[in-house]
Amino acid sequence: MTISSSLTPKETLAELDRYIVGQAAAKRSVAIALRNRWRRQQVPSPLREEIAPKNIIMIGPTGVGKTEIARRLASLAQSPFIKVEASKFTEVGYVGRDVESMIRDLVELAISMVKDEEKKRIEGLAEANAEDRILDLLLPPTPVHSESSVDLLPASADVSAAGSSTKEKFRQMLRDGKLDEREVEVEVTETSQAPMVEVMGVSGMDDMQSNIQDAFSRMFPKKTKQSKMKVPDALDVLTKEEMEKLVDMEMVLKEALRRTEQSGIVFLDEIDKVASKGGSSHGPEVSREGVQRDLLPIVEGATVSTKYGMVKTDHILFIASGAFHVAKPSDLIPELQGRFPIRVELESLGKDEFVRILTEPENALTKQYIALLATEGVTLRFEDEAIEEIATIAVQVNESTEEIGARRLHTVVERVLDVLSFDACEREESEFVVTAQYVRDQLSEIAEDQDLSRYIL
């Protein structure tokens, strides 16, 4: 289903509710931010350029839905979306990735997105062209009496009568799969022989490395070779080749750059890891502040150089998130705080939320396991009491060890179904019911022993 970016906030909220339990405040904020992007596009030109997106900072412990909200939002908006960890960046001048690299990566994703859309649009034409090329190989236009060409035709076929009607008959045979066992010889492009180039050094070198690699690829022309393969394989190869020919890369690049600038979304995870704790200004704190100062112009609005052209970041939406266990949002430099005007606090998840997470979303964990085991002919069913027991144990383990939110459910459910998953393919009974007692039998010892649960759950 194609989702339009002109969804109303209520419609966006309803879509997010299908996959994410709770966190109404965070979902409202991103729904409004998405609608504001559409509103900006309707504003007349002079004022439109002045309207900047209202960046969001989401505060909450791990496993409460911060990343999932941003990811689902991007799919709803059909926007280029990239998730990066702020802690992976280093200050300009140090070894590591600089902050501009996330914009370059965003452009690459946008190009891939637009190119895939264009390929879907021209897929029918590319397949028709590939069919024509296959038929030309099976039905040469002029009679050739060499052994190789005779082998390609059925014994009863008359090569000299290969007119349009014969070609159409063969086309139908090709589509019906009657020629699947035939072999044809096609010209395929060999993989590039250009040497791999790696530039080691300070940050900002990744774009230079990419440019050097492209230059080497152009210096070494692509080689082709004759390859013998069956008709279906040849059809796949030729369809891809025809798609590459038909895709207008100039249009793709232009549209990708436009989408990056106008509707790109950058999710900055672990923003709290680059916050200076308590205003300290020495040692690693200096480097953290340096990363913040490098982030500032990008979030503020800057022009980033990429190998496809210049990209303005003025209208890219930035969504930052962090647990802020040690540092606080106020520990970020004031200028960066000002660039994230919307702050949303996500609530910790308890037993009730865990029960809902296991049952309500369309991609709920229990539904995933039911579908997986159905492939082995096993009908899996969870009793309500079993769901409650799983949620209770997940909460207990979170409280006694590390708090990892809903991610704990993956570990607990996997442990509960460990024996069944191993024996499913050899089971004689087709139905399996997970009861509360079964959950306790599988987990009681581990959940009670804190040392064990620390390592297993």
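In case you wondered, yes, glycine gets a Cβ from its N, Cα and C as well.
Positions annotated as ATP binding site by Swiss-Prot: Val21, Gly63, Val64, Gly65, Lys66, Thr67, Glu68, Asp269, Glu335, Arg407. Around Val21 (ATP binding site), taking its Cβ as the centre, 21 other Cβ atoms fall within 10 Å, counting all chains.
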Extent of the ATP binding site in Å [max Cα distance among Val21, Gly63, Val64, Gly65, Lys66, Thr67, Glu68, Asp269, Glu335, Arg407]:
34
So which of the binding-site residues is most packed in, judged by how many other Cβ atoms lie within 10 Å of its Cβ, out of Glu68, Glu335?
Glu68
The one of Val64, Lys66 whose CB sees the fewest other CB atoms within 10 Å, among these binding-site residues:
Lys66
Through the lens of DSSP with three states only, how would you label Glu335 (ATP binding site)?
helix
